[in-house]
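Undergrad: To start, I am sharing the structure in question, which I have written as C-alpha coordinates.
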Amino acid sequence: MSPLNDTIFKSAMFLLTGLPGQEDVHLWISIPFCFMYAISIVGNSVILFIVKTDSSLHEPMYIFLSMLAVTDLGLSIATTPTILGIYLFNSREISFNACFAQLFFIHSLQCIESSLLLLMAFDRFIAIRAPLRYASILTLPRTAKMGLVFVLRGVAVILPLPFLLRHFQYCRANVLSHSYCLHQEVMKMACSDIRINSIYGLFTTLLTMGLDSLLIFLSYVMIIKTVLSVVSHTECLRALNTCVSHLCAVLLFYTPEIGLSVIHRFGKGSSPILQILLGYISLLVPPLMNPIVYSVKSKHLRVRIIRAFIK
(Lines of atoms letter the chains of each structure in order from A and count residues from 1; the text may use other names and numbers.)
(Lines give C-alpha, C1' and ligand atoms only; values in the text may rest on other atoms or scores of the structure.)
Protein backbone atom coordinates (compact mmCIF):
# COMPACT_ATOMS: atom_id res chain seq x y z
CA MET A 1 0.00 0.00 0.00
CA SER A 2 1.35 3.41 -0.97
CA PRO A 3 2.08 6.01 1.72
CA LEU A 4 -0.75 8.24 0.40
CA ASN A 5 -3.32 5.44 0.47
CA ASP A 6 -2.12 4.38 3.90
CA THR A 7 -2.61 7.92 5.21
CA ILE A 8 -6.07 8.13 3.69
CA PHE A 9 -7.01 4.78 5.19
CA LYS A 10 -5.85 5.77 8.67
CA SER A 11 -7.79 9.06 8.46
CA ALA A 12 -11.19 7.39 8.10
CA MET A 13 -12.19 9.21 11.28
CA PHE A 14 -11.93 12.80 12.43
CA LEU A 15 -10.82 13.51 15.98
CA LEU A 16 -12.72 16.21 17.85
CA THR A 17 -11.00 18.43 20.41
CA GLY A 18 -12.08 19.94 23.73
CA LEU A 19 -10.27 22.74 25.52
CA PRO A 20 -6.55 22.07 24.91
CA GLY A 21 -4.45 21.62 28.03
CA GLN A 22 -7.51 21.14 30.26
CA GLU A 23 -7.83 17.35 30.00
CA ASP A 24 -7.53 16.86 33.78
CA VAL A 25 -10.66 18.91 34.44
CA HIS A 26 -12.82 17.67 31.57
CA LEU A 27 -15.37 16.21 34.00
CA TRP A 28 -15.79 19.54 35.76
CA ILE A 29 -16.05 21.38 32.44
CA SER A 30 -18.88 19.05 31.43
CA ILE A 31 -21.10 20.26 34.31
CA PRO A 32 -21.96 23.71 32.85
CA PHE A 33 -22.48 22.13 29.42
CA CYS A 34 -24.94 19.64 30.95
CA PHE A 35 -26.85 22.46 32.64
CA MET A 36 -26.89 24.55 29.46
CA TYR A 37 -28.15 21.58 27.43
CA ALA A 38 -30.90 20.77 29.93
CA ILE A 39 -32.05 24.40 30.24
CA SER A 40 -32.05 24.83 26.45
CA ILE A 41 -34.17 21.72 25.91
CA VAL A 42 -36.62 22.51 28.72
CA GLY A 43 -36.86 26.25 27.95
CA ASN A 44 -37.55 25.88 24.24
CA SER A 45 -39.93 22.95 24.85
CA VAL A 46 -41.92 25.07 27.30
CA ILE A 47 -42.17 27.88 24.72
CA LEU A 48 -43.47 25.42 22.12
CA PHE A 49 -45.95 23.86 24.55
CA ILE A 50 -47.36 27.21 25.71
CA VAL A 51 -47.71 28.62 22.17
CA LYS A 52 -49.35 25.42 20.91
CA THR A 53 -51.85 25.02 23.75
CA ASP A 54 -52.83 28.68 24.26
CA SER A 55 -54.99 29.97 21.40
CA SER A 56 -54.44 33.59 22.46
CA LEU A 57 -50.78 33.17 21.45
CA HIS A 58 -51.61 32.08 17.90
CA GLU A 59 -50.28 35.35 16.51
CA PRO A 60 -47.44 35.97 14.02
CA MET A 61 -44.99 37.12 16.71
CA TYR A 62 -45.43 33.93 18.74
CA ILE A 63 -45.55 31.70 15.67
CA PHE A 64 -42.13 33.06 14.67
CA LEU A 65 -40.97 32.56 18.28
CA SER A 66 -42.08 28.91 18.20
CA MET A 67 -40.17 28.45 14.91
CA LEU A 68 -37.12 29.95 16.61
CA ALA A 69 -37.59 27.53 19.53
CA VAL A 70 -37.68 24.54 17.15
CA THR A 71 -34.49 25.78 15.46
CA ASP A 72 -32.76 26.26 18.81
CA LEU A 73 -33.79 22.77 19.89
CA GLY A 74 -32.31 21.34 16.70
CA LEU A 75 -29.09 23.32 17.15
CA SER A 76 -28.67 22.07 20.73
CA ILE A 77 -29.38 18.46 19.77
CA ALA A 78 -27.01 18.62 16.77
CA THR A 79 -24.12 20.15 18.72
CA THR A 80 -24.10 19.31 22.42
CA PRO A 81 -23.92 15.47 22.33
CA THR A 82 -20.44 15.44 20.74
CA ILE A 83 -19.30 18.15 23.19
CA LEU A 84 -20.52 16.11 26.17
CA GLY A 85 -19.04 12.96 24.65
CA ILE A 86 -15.58 14.53 24.77
CA TYR A 87 -15.79 15.97 28.29
CA LEU A 88 -17.65 13.06 29.92
CA PHE A 89 -16.30 10.00 28.10
CA ASN A 90 -13.25 11.27 26.15
CA SER A 91 -15.05 10.10 23.00
CA ARG A 92 -13.25 12.07 20.31
CA GLU A 93 -13.74 9.97 17.18
CA ILE A 94 -16.41 10.85 14.65
CA SER A 95 -16.87 9.15 11.28
CA PHE A 96 -16.83 11.07 8.01
CA ASN A 97 -20.57 10.59 7.40
CA ALA A 98 -21.51 11.58 10.95
CA CYS A 99 -19.26 14.65 10.70
CA PHE A 100 -20.76 15.70 7.36
CA ALA A 101 -24.28 15.22 8.75
CA GLN A 102 -23.46 17.28 11.84
CA LEU A 103 -21.99 20.19 9.90
CA PHE A 104 -25.01 20.15 7.57
CA PHE A 105 -27.44 20.46 10.49
CA ILE A 106 -25.34 23.07 12.30
CA HIS A 107 -24.93 25.35 9.27
CA SER A 108 -28.47 24.92 7.94
CA LEU A 109 -30.01 25.58 11.38
CA GLN A 110 -27.83 28.67 11.80
CA CYS A 111 -29.04 29.94 8.41
CA ILE A 112 -32.64 29.24 9.39
CA GLU A 113 -32.19 31.04 12.73
CA SER A 114 -30.75 34.05 10.94
CA SER A 115 -33.77 34.06 8.60
CA LEU A 116 -36.21 33.80 11.51
CA LEU A 117 -34.58 36.78 13.20
CA LEU A 118 -35.16 38.69 9.96
CA LEU A 119 -38.83 37.63 9.88
CA MET A 120 -39.21 38.71 13.52
CA ALA A 121 -37.67 42.09 12.65
CA PHE A 122 -40.20 42.40 9.80
CA ASP A 123 -42.96 41.51 12.25
CA ARG A 124 -41.89 44.32 14.62
CA PHE A 125 -41.58 46.73 11.69
CA ILE A 126 -45.15 46.06 10.51
CA ALA A 127 -46.51 46.21 14.09
CA ILE A 128 -44.98 49.66 14.63
CA ARG A 129 -45.22 51.12 11.12
CA ALA A 130 -48.75 49.94 10.25
CA PRO A 131 -50.48 48.67 13.42
CA LEU A 132 -53.98 48.94 11.93
CA ARG A 133 -53.02 46.76 8.95
CA TYR A 134 -50.90 44.30 10.97
CA ALA A 135 -53.53 41.54 11.15
CA SER A 136 -54.34 41.80 7.43
CA ILE A 137 -50.68 41.81 6.33
CA LEU A 138 -49.35 39.06 8.60
CA THR A 139 -52.10 36.47 8.46
CA LEU A 140 -51.33 33.04 9.92
CA PRO A 141 -51.19 31.26 6.51
CA ARG A 142 -48.85 33.95 5.17
CA THR A 143 -46.70 33.70 8.30
CA ALA A 144 -46.41 29.92 7.87
CA LYS A 145 -45.52 30.27 4.18
CA MET A 146 -42.81 32.86 4.94
CA GLY A 147 -41.31 30.57 7.56
CA LEU A 148 -41.40 27.59 5.17
CA VAL A 149 -39.67 29.57 2.39
CA PHE A 150 -36.79 30.55 4.66
CA VAL A 151 -36.45 27.01 6.05
CA LEU A 152 -36.18 25.70 2.49
CA ARG A 153 -33.65 28.41 1.66
CA GLY A 154 -31.46 27.41 4.61
CA VAL A 155 -31.58 23.73 3.66
CA ALA A 156 -31.05 24.36 -0.07
CA VAL A 157 -27.95 26.57 0.24
CA ILE A 158 -26.22 24.24 2.75
CA LEU A 159 -27.18 20.88 1.18
CA PRO A 160 -24.36 20.90 -1.45
CA LEU A 161 -21.62 21.29 1.21
CA PRO A 162 -21.54 17.70 2.59
CA PHE A 163 -21.70 16.28 -0.95
CA LEU A 164 -18.76 18.46 -2.02
CA LEU A 165 -16.81 17.33 1.05
CA ARG A 166 -17.53 13.64 0.36
CA HIS A 167 -15.64 13.82 -2.94
CA PHE A 168 -12.41 14.96 -1.27
CA GLN A 169 -9.53 12.77 -0.20
CA TYR A 170 -8.36 13.48 3.34
CA CYS A 171 -4.65 12.85 3.70
CA ARG A 172 -3.68 15.49 6.26
CA ALA A 173 -3.91 15.55 10.05
CA ASN A 174 -7.46 14.58 10.95
CA VAL A 175 -7.62 16.44 14.28
CA LEU A 176 -10.28 19.16 14.32
CA SER A 177 -9.88 22.13 16.65
CA HIS A 178 -13.50 22.10 17.89
CA SER A 179 -15.83 19.67 19.64
CA TYR A 180 -18.07 19.53 16.57
CA CYS A 181 -17.70 19.63 12.79
CA LEU A 182 -17.74 22.85 10.77
CA HIS A 183 -17.43 23.16 7.01
CA GLN A 184 -14.60 25.70 6.98
CA GLU A 185 -12.48 23.45 9.20
CA VAL A 186 -13.24 20.07 7.64
CA MET A 187 -12.44 21.27 4.11
CA LYS A 188 -8.94 22.33 5.25
CA MET A 189 -8.22 18.67 6.09
CA ALA A 190 -8.55 17.69 2.42
CA CYS A 191 -5.57 17.23 0.13
CA SER A 192 -7.76 18.17 -2.88
CA ASP A 193 -8.41 21.57 -4.43
CA ILE A 194 -10.85 23.31 -2.09
CA ARG A 195 -11.35 26.55 -4.03
CA ILE A 196 -14.93 25.66 -5.01
CA ASN A 197 -15.82 24.98 -1.38
CA SER A 198 -14.19 28.21 -0.24
CA ILE A 199 -16.04 30.29 -2.83
CA TYR A 200 -19.35 28.54 -2.23
CA GLY A 201 -18.95 28.84 1.56
CA LEU A 202 -18.38 32.59 1.24
CA PHE A 203 -21.35 32.84 -1.14
CA THR A 204 -23.71 31.06 1.29
CA THR A 205 -22.56 33.25 4.20
CA LEU A 206 -23.17 36.45 2.25
CA LEU A 207 -26.49 35.20 0.83
CA THR A 208 -27.88 34.14 4.22
CA MET A 209 -26.40 35.76 7.32
CA GLY A 210 -24.87 38.71 5.49
CA LEU A 211 -28.08 39.63 3.66
CA ASP A 212 -30.26 38.91 6.70
CA SER A 213 -28.18 41.09 9.03
CA LEU A 214 -28.28 43.96 6.51
CA LEU A 215 -32.07 43.73 6.20
CA ILE A 216 -32.47 43.53 9.99
CA PHE A 217 -30.37 46.69 10.31
CA LEU A 218 -32.50 48.47 7.69
CA SER A 219 -35.67 47.32 9.46
CA TYR A 220 -34.52 48.93 12.69
CA VAL A 221 -33.53 52.10 10.89
CA MET A 222 -37.12 52.33 9.62
CA ILE A 223 -38.50 51.40 13.05
CA ILE A 224 -36.46 54.14 14.77
CA LYS A 225 -37.51 56.63 12.09
CA THR A 226 -41.17 55.75 12.66
CA VAL A 227 -40.87 55.84 16.46
CA LEU A 228 -39.15 59.24 16.44
CA SER A 229 -42.06 60.69 14.48
CA VAL A 230 -44.43 59.80 17.34
CA VAL A 231 -45.27 62.87 19.40
CA SER A 232 -45.97 61.07 22.68
CA HIS A 233 -42.81 60.16 24.60
CA THR A 234 -44.68 57.36 26.40
CA GLU A 235 -45.89 55.80 23.14
CA CYS A 236 -42.37 56.07 21.76
CA LEU A 237 -40.90 54.12 24.69
CA ARG A 238 -43.71 51.58 24.57
CA ALA A 239 -43.07 50.89 20.89
CA LEU A 240 -39.33 50.50 21.43
CA ASN A 241 -39.94 48.22 24.43
CA THR A 242 -41.66 45.69 22.14
CA CYS A 243 -38.36 45.32 20.24
CA VAL A 244 -36.05 44.74 23.23
CA SER A 245 -36.35 40.94 23.32
CA HIS A 246 -35.77 40.68 19.57
CA LEU A 247 -32.75 42.99 19.76
CA CYS A 248 -31.30 40.79 22.52
CA ALA A 249 -31.81 37.70 20.34
CA VAL A 250 -30.11 39.43 17.38
CA LEU A 251 -27.12 40.47 19.51
CA LEU A 252 -26.82 36.99 21.05
CA PHE A 253 -26.73 35.41 17.60
CA TYR A 254 -24.65 37.83 15.52
CA THR A 255 -22.08 39.15 18.05
CA PRO A 256 -20.13 35.87 18.49
CA GLU A 257 -20.47 35.15 14.76
CA ILE A 258 -18.89 38.51 13.91
CA GLY A 259 -16.20 37.92 16.53
CA LEU A 260 -15.34 34.52 15.04
CA SER A 261 -15.21 35.99 11.52
CA VAL A 262 -12.83 38.75 12.65
CA ILE A 263 -10.56 36.25 14.42
CA HIS A 264 -10.49 33.88 11.43
CA ARG A 265 -9.64 36.72 9.03
CA PHE A 266 -7.27 38.88 11.07
CA GLY A 267 -6.38 37.09 14.31
CA LYS A 268 -3.80 34.61 13.08
CA GLY A 269 -1.87 34.82 16.35
CA SER A 270 -4.94 34.72 18.61
CA SER A 271 -5.33 32.10 21.32
CA PRO A 272 -7.01 28.87 20.13
CA ILE A 273 -8.91 28.76 23.42
CA LEU A 274 -10.51 32.12 22.54
CA GLN A 275 -11.71 30.71 19.21
CA ILE A 276 -13.07 27.59 20.92
CA LEU A 277 -14.91 29.61 23.57
CA LEU A 278 -16.42 31.94 20.96
CA GLY A 279 -17.52 28.86 19.02
CA TYR A 280 -19.26 27.48 22.11
CA ILE A 281 -20.93 30.84 22.73
CA SER A 282 -22.19 31.14 19.15
CA LEU A 283 -23.79 27.68 19.16
CA LEU A 284 -24.88 27.15 22.77
CA VAL A 285 -25.80 30.57 24.19
CA PRO A 286 -28.63 31.58 21.77
CA PRO A 287 -30.64 28.35 22.39
CA LEU A 288 -30.06 28.85 26.12
CA MET A 289 -30.92 32.55 26.36
CA ASN A 290 -33.65 33.07 23.73
CA PRO A 291 -36.46 31.39 25.74
CA ILE A 292 -35.30 33.17 28.91
CA VAL A 293 -35.18 36.60 27.25
CA TYR A 294 -38.60 36.24 25.61
CA SER A 295 -40.18 34.81 28.78
CA VAL A 296 -38.88 37.72 30.84
CA LYS A 297 -39.61 40.54 28.39
CA SER A 298 -42.96 39.34 27.00
CA LYS A 299 -45.54 39.90 29.73
CA HIS A 300 -48.24 38.03 27.79
CA LEU A 301 -46.03 34.94 27.41
CA ARG A 302 -44.71 35.16 30.97
CA VAL A 303 -48.23 35.20 32.43
CA ARG A 304 -49.22 32.16 30.36
CA ILE A 305 -46.13 30.21 31.48
CA ILE A 306 -46.70 31.03 35.15
CA ARG A 307 -50.39 30.11 34.86
CA ALA A 308 -49.52 26.78 33.21
CA PHE A 309 -47.07 25.83 35.97
CA ILE A 310 -49.39 26.94 38.76
CA LYS A 311 -52.11 24.70 37.33
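Keep in mind that glycine also has a Cβ here, set from the backbone N, Cα and C atoms.
As annotated in TrEMBL:
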- 43-294: domain 'G-protein coupled receptors family 1 profile' (DOMAIN)
- 25-51: transmembrane segment (TRANSMEM)
- 63-88: transmembrane segment (TRANSMEM)
- 100-122: transmembrane segment (TRANSMEM)
- 143-165: transmembrane segment (TRANSMEM)
- 199-224: transmembrane segment (TRANSMEM)
- 236-254: transmembrane segment (TRANSMEM)
- 274-294: transmembrane segment (TRANSMEM)
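Could you place the listed features in the three-dimensional structure?
TA: Long-range contacts of the transmembrane segment (100-122) within the same chain, counting only residues at least 6 positions beyond its ends with a Cβ under 8 Å from a Cβ of the stretch, are 61, 64-65, 67-68, 71-72, 74-75, 78-79, 82, 94, 146-147, 150-151, 153-155, 157-159, 161-162, 165-166, 180-183, 186, 204, 208-209, 212-213, 215-216, 219-220, 246, 249-250, 253, 283, 286.
With a cut-off of 8 Å between Cβ atoms, the residues of this chain six or more beyond the transmembrane segment (143-165) that come close are 60, 63-64, 67, 100-101, 103-104, 107-109, 111-112, 115-116, 118-119, 183, 186-187, 190, 196-197, 200-201, 204, 207-208.
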Undergrad: Any residues 6+ beyond the ends of the transmembrane segment (274-294) with a Cβ under 8 Å from its own?
TA: 17, 19-20, 33, 36, 39-40, 43-44, 46-47, 65, 68-69, 72-73, 75-76, 79-80, 83, 106, 113, 177-180, 182, 245, 248-249, 252-253, 256-257, 259-260, 263-264, 301
Undergrad: Across the domain 'G-protein coupled receptors family 1 profile' (43-294), what does the pLDDT come to on average, as a whole number?
TA: 89
